[in-house]
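Lifted from TrEMBL, the feature list:
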type	residues	note
DOMAIN	48-99	domain 'HTH-like'
DOMAIN	124-166	domain 'Integrase catalytic'
Amino acid sequence: MIVDYIQAHRHRFGVEPICAVLQVAPSTYYAATSRPPSARSITDAASSALIEQVHGANYGVYGARKAHAELRRQGHQIARCTVERLMRSAGLRGITRAKGPRTTVAGTGPETRPDLVERDFTATGPNRLWVADITYCRTFSGWAYASFVIDVFSRRVVGWQVSKSLRAPTSRWTRWRWACGTAPGPVRTWPG
């Protein structure tokens with residue numbers, strides 16, 4: 001790095017004055033410029049060209065793991081850590097997949113529901129304890145959220161609803177619950 005700086009500015013200031021300011025012996029600069037490139041720098045240059053070729057051929061999607069696998073498939077003997085180092089130095093990165101919505105993180109705000117059953121998921125009879133949870137899946141029009149309520153004793157789904165929002169009202173299954181005449185016992189919802 002220092003040698004490159006001296007090389008770039010030696011015509012304007014001279015080698016010895018630059019070395020004096022940088023506190024580097026001029027012999028260090030001359031020795032670095034006269035020695036042939038190391039074996040590592042030669043293989044790094046060749047490997048970097050291969051990595052850039054693989055990265056570009058795959059639309060810039062491949063990260064170090066997949067680029068390494070592709071190079072091995074092509075018959076090149078290169079270590080994965082070398083691929084990682086060369087990609088990092090060249091500024092090449094793979095594309096990461098989009099993350100889904102965070103629904104499994106316990107809430108801490110005022111809307112957080114208390115644990116009414118204190119993690120005791122046993123019931124002495126039907127309709128004594130219900131538990132509720134949600135699941136989600138990606139569709140062409142966005143995310144779809146399915147909420148469902150299960151009777152702990154019989155493990156039967158007593159109500160469910162599919163919505164485009166996590167904040168959808170549960171009034172439909174609440175009305176259904178009262179219409180069926182079920183006991184309004186505690187309902188445990190999973191935090192998140």
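Every residue, even glycine, has its Cβ placed from backbone N, Cα and C.
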Whole-number mean of pLDDT values that fall within the domain 'HTH-like' (48-99): 94
Tally of residues which DSSP labels helix, strand or coil - the domain 'HTH-like' (48-99): 31 helix, 0 strand, 21 coil
Number of helical, extended and coil residues in the domain 'Integrase catalytic' (124-166), per DSSP: 0 helix, 27 strand, 16 coil
